[in-house]
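To start, the structure under review is shown below, and the notes come after it.
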Amino acid sequence: MAVKLDGKKLSQKIAVQLQQDVEKLKFLGVTPKLAVVLVGDDPASQVYVRNKRRMAQKIGIETSDLTLPAATSEAELLQTIAKLNQDSTVHGILVQLPLPPQINEETIIQAINPLKDVDGFHPYNMGKLFMGDPYAIPCTPNGIMQLLSEYRISLTGKKVVIVGRSKIVGRPLAALMINHNATVTVAHSYTKNLFELTRRADILVAAVGRAEMFTQTAIKSGAVVVDVGINRNDAGKLVGDVDQMKVADVASYLTPVPGGVGPMTIAMLMKQTVKFAERSVKGIGND
Ligand code: NDP
């Protein structure tokens, strides 16, 4: 039976450490501050933003919520970001995606000061990551790396297959894992004979968004399996991309859904915000 890679437990441990880091910063006169910009009233985005705010409050990070109407223009959002870039009390800026269709996401991401880019999506930060010298790391891949490290799962010399090549998960994770000496293959919807490939992986990362598409036949015996997917199955239950029941018998380690990668993503967002605030104190950050 696979060992559970418990993201919930690790995220709570990280939160306690961050509380202490924030105390130290406050003693030095700095309160880490995260600005969260939400455009429109997408229910899923509202839930994500609420969860982020709740964890920030628990840790002692100040949040500033800017909720803009769904009809907000790109120019108006750019103005909001320009103000946040200039505000020296704000250490991290997060624009909740997706944005309404009249706003170009790339334009917005590129307008954020890369030194305040907590999501790590700015091309500057993506470039730094791919060069092996990251400044800000996207939260989901960062959370996966922390989880593997916590359970002493080394990447050196391992064959990794990441299924999914999105900008928020697959691509940055591939860069991080290459930086940690893994041999990485990134698969996507055009990949032929997908399961032949995944069956050879020492570490499999499923980041597709298809309920329970990976069963035991897709997994090598003893593989480490990271399930990033968050889906609803036909019965309306929250499930990952991995059939957890079947794969648990074959894998050596497995992230549950929920309670695996999800809580780690939020924890990494908090960690990045605190790190930015620390850099501002040391004079090498955003001030
Ligand atoms: P995207 O939709 O942006 O990317 C999905 C990727 O999967 C694409 O690269 C796509 O290929 C690939 N893909 C689709 N179908 C197949 C297939 N049949 N075989 C192989 N590859 C396929 O999704 P995200 O990366 O944003 O998210 C993926 C999943 O992870 C979702 O369920 C999402 O909810 C979840 N997620 C969870 C997070 C967490 O914190 N736990 C954070 C972020 C996402 P192609 O590029 O060719 O289209």
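Cβ atoms here come from the backbone N, Cα and C positions, even for glycine.
Nobody curates TrEMBL annotations by hand; they come from automatic prediction.
Features as listed in TrEMBL:
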type: BINDING; residues: Gly164, Arg165, Ser166, Ile230; note: NADP(+) binding site
type: DOMAIN; residues: 5-119; note: domain 'Tetrahydrofolate dehydrogenase/cyclohydrolase catalytic'
type: DOMAIN; residues: 138-280; note: domain 'Tetrahydrofolate dehydrogenase/cyclohydrolase NAD(P)-binding'
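Overlay of TrEMBL annotations on the structure.
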{"residue": "Gly164", "record": "NADP(+) binding site", "Cβ within 10 Å": "22"}
{"residue": "Arg165", "record": "NADP(+) binding site", "Cβ within 10 Å": "17"}
{"residue": "Ser166", "record": "NADP(+) binding site", "Cβ within 10 Å": "16"}
{"residue": "Ile230", "record": "NADP(+) binding site", "Cβ within 10 Å": "16"}
Stretch-averaged pLDDT - the domain 'Tetrahydrofolate dehydrogenase/cyclohydrolase catalytic' (5-119): 97
Diameter of the NADP(+) binding set by C-alpha atoms, the set being Gly164, Arg165, Ser166, Ile230, in angstrom: 16
